[in-house]
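Pulled from TrEMBL, these are the features on record:
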- A:C20, A:C25, A:C42: [4Fe-4S] cluster binding site (BINDING)
- A:T337, A:T343, A:G367, A:I368, A:S369, A:V370, A:A430: 5-methoxybenzimidazolylcob(I)amide binding site (BINDING)
- A:1-59: domain '4Fe-4S' (DOMAIN)
Amino acid sequence: MGLTGLEIFKQLPKTNTGDCGFPTCLAFAMALAAGKTSLDKCPHVSEEAKEALGAAAAPPIKLVKVGTGDHAVEMGDETELFRHDKRFYHPTALAVLIEDTEDVAARVAAFDELEFDRVGLHFVTDMVALQCTSGDGAKFKAAAEAVAAGTQKPFVLICEDVAAMETAATAVADKKPLLYAATNDNYEAMTELAKKLECPLAVKGNGLADLADLVEKITKLGYKELVLDSGNRETSQVLADLTQIRRSAVRKRFRPFGYPAMAFTTKDDPMEEVVQAGVYLSKYAGMIVLKASKKEEILPLVSWRQNLFTDPQKPIQVEAKAVAVGDVTPDSPVYITTNFSLTYYIVEGEVEGSKVPAWIVPVNTDGISVLTAWAAGKLTGDSINKALKENDMESKVNHKTLVLPGYVAVLSGSTEEETGWKVIVGPREAAGIGKFAKDNFGK
Amino acid sequence: MAFNAVKEKYRSKVGEVTLGATKEQGGTRGYTITVGGEGALPFLHFEGEIPNRPVVALEVWDHAPADWNACFDSYFGDVYNDAAAWAKKCVEEYGADLIVLRLKGADPDINDASPEDCAKVVKDVLAAVECPLVVLGCGKEEKDNQVLPVVAEETSGENLLIGVAEQENYKSLTAACMVHKHNIIAQSPIDINICKQLNILITEMNLPDDRIVIDPTIAALGYGLEYGYSIMERARNGALQGDKMLGLPMIGNVGFEVWRTKEANASVEDFPAWGEQEPRGILWEATTATALLQAGMDIVVMRHPKAASLIKQNIEELMVANEV
């Protein structure tokens, strides 16, 4: 439970019956707080207390899943307003909008091909959002089936007409699409449908106050697999709404907003859309529906998403294994760097750009950068020697010269001593590698 | 359960810095620009005053850059050799709010331009545009300590923003800014403690804090953007909680960082999965900028005119008051 022992104790009968197996209610409360027992061990706790403790123990923002299998998307279960306070957990899902009046099969095929590799990571868009532009249930159903057939990835069905939604959703319910949306006008029937089909349900209000009321009505009907839409669309207002939803949930435990939030881009120009989506991605959207779908448009968004959702406490590392960049020969230079992902990939990019094939040996510094590793005593003549030996560099090149990052020129002497190799001091900034390679190794 | 808006109550605001000086104020600018002054987190108008919008600068060099991507040729090819014309074009055709003039030519490994030559270029650019001017050195400490004080002296009264001062090298520039009444960029290496410390050192030399702009050293998208982003969020939160040494406007070299990256420059032939180069580069720059605006950036220094225009539009939309 997230509560302290004392907070729990306040809800207990304080009769010290011992029926729970603990000598006093306080002892039981402490054990509960530590997760060492469960509330149901106490036969005397009141219904109110049960609800209060249950609500407080639940995560501030519900985890909601869309889709099934390996590609299912999880949203919610966030606890922070700022990544620097701890981290963000569930990367914002990006849903590409397709209208049922388009060539759905072709659009889905193109969507499914949107995959990117950069810096050793693999990026994808996560979902399709299929909109019932036609207003025709049969057409919507056919389109939904085409989406389900064309991709393993989860999707959203966008239609506020319950009849049309029922026709389409029933046909693809096994894929657990997000049903968008329950509104003031249709929420009873839409909630029944979502319950019946066991699909998550989007809730669209007219502003935050109305949204809160609507969510309460829906949870009273017994459904909680919800995703929130304030109904506003203007950039500045959506920023405010997303901020309020996150704050209310995380800081005030305001239950009606304890669900992931979604946002829609409104721009026709794809570049403007990407910029607008960038705002929502940075600030609390669990999902964004957008039209832009070209590679050059999506790549920056998925990259920022990856950056934003990294754990600030844990730097990403690459394997401390020597890498050959280009067509190396036994004469090729050897660059020393660290296995901090960012450092490694920047150096690799520059070595590649220098057009002088070379080896890069990333020394294992527990994933920290050159200067920090040197300050922490993790980048030393000794650790460099270890890296050279572990990678058997002596058999890979016929020389014994290595390039040391310029910022740790001070390690030259000890590195030469430990390794028996000659040290050339390289540039301080990776950006200098191009010129450095040309001057030292150019043909 | 009715919804009640969660509004923060802050103890303090970010300080304001004004760039440029009109004739009445002793300069030659057609207008001045004031940045900072925020009484709330970025664009959260519902809980505080945001009196000044962030501004977009376009970056101009004092000589034709050897390494800028070919996609810039159609924008600046005709003005690369004339910094004044280049600056004028940035303002008049591409809507820059202000100009950042980078004196890269002063670099001993490039043109080794003399302090006098540099000062001349600065004055030429001043004469060509009405907007306030930011001047950056070549990045080589020793040379900048010769060049920037001369620039400061020759433009006394213009209230430039000059950069950069760093923890290990701030005295020369601070003195020059004090004597000739300019503003200073205080740069720290993604370290909030050094950021504060440097501002303390500068204010201890009696340069008032309404003449300091923080450069936290941002990195491009994909190359550590999140580090700068989080430093900035921490700084802005600290500022609003009352930390005066963090309560200053922030600047970032978005264009400079982004256009060094593979992702902005690699051809679609080399990386077919990445799509077309120029739109990719534009969006790499615009995405970097849009993220940093959400972390509190006040002066966004950009290169691609299309990216700059996207960000100006983003700022305009975000400056629409919101209510909860």
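Every residue number used here counts from 1 along the chain in the order it is shown.
Each Cβ is built from the backbone N, Cα and C atoms, and glycine gets one as well.
Around A:C25 ([4Fe-4S] cluster binding site), taking its Cβ as the centre, 22 other Cβ atoms fall within 10 Å, counting all chains. Its Cβ taken as reference, A:I368 (5-methoxybenzimidazolylcob(I)amide binding site) is surrounded by 19 other Cβ atoms within 10 Å in the chains shown. Rounded to a whole value, the Cα-Cα separation of A:S369 (5-methoxybenzimidazolylcob(I)amide binding site) and A:C25 ([4Fe-4S] cluster binding site) is 51 Å. Fewest other C-beta atoms within 10 angstroms, among the binding-site residues A:T343, A:S369, are seen around A:S369. A straight line from the CA of A:T337 (5-methoxybenzimidazolylcob(I)amide binding site) to the CA of A:C25 ([4Fe-4S] cluster binding site) spans 58 Å. Across the fold, the C-alpha of A:A430 (5-methoxybenzimidazolylcob(I)amide binding site) and the C-alpha of A:C20 ([4Fe-4S] cluster binding site) stand 64 Å from each other. Cα proximity to A:C42 ([4Fe-4S] cluster binding site) (within 10 Å) is found for none of the binding-site residues A:G367, A:I368, A:V370. A:C25 ([4Fe-4S] cluster binding site) falls within a helix when secondary structure is assigned with DSSP. A:C20 ([4Fe-4S] cluster binding site) sits 55 Å from A:T343 (5-methoxybenzimidazolylcob(I)amide binding site), taking the Cα positions as reference. Following the DSSP three-state reduction, the secondary structure of A:C42 ([4Fe-4S] cluster binding site) is coil. Residue density at A:C42 ([4Fe-4S] cluster binding site): 22 other Cβ atoms are found within 10 A of its Cβ, drawing on all protein chains shown. In this structure, the C-alpha atom of A:C25 ([4Fe-4S] cluster binding site) lies 47 angstrom from that of A:G367 (5-methoxybenzimidazolylcob(I)amide binding site). The helix, strand and coil residue counts that DSSP assigns across the domain '4Fe-4S' (A:1-59) are 30 helix, 0 strand, 29 coil.
In the three-state DSSP scheme, A:V370 (5-methoxybenzimidazolylcob(I)amide binding site) falls into the helix class.
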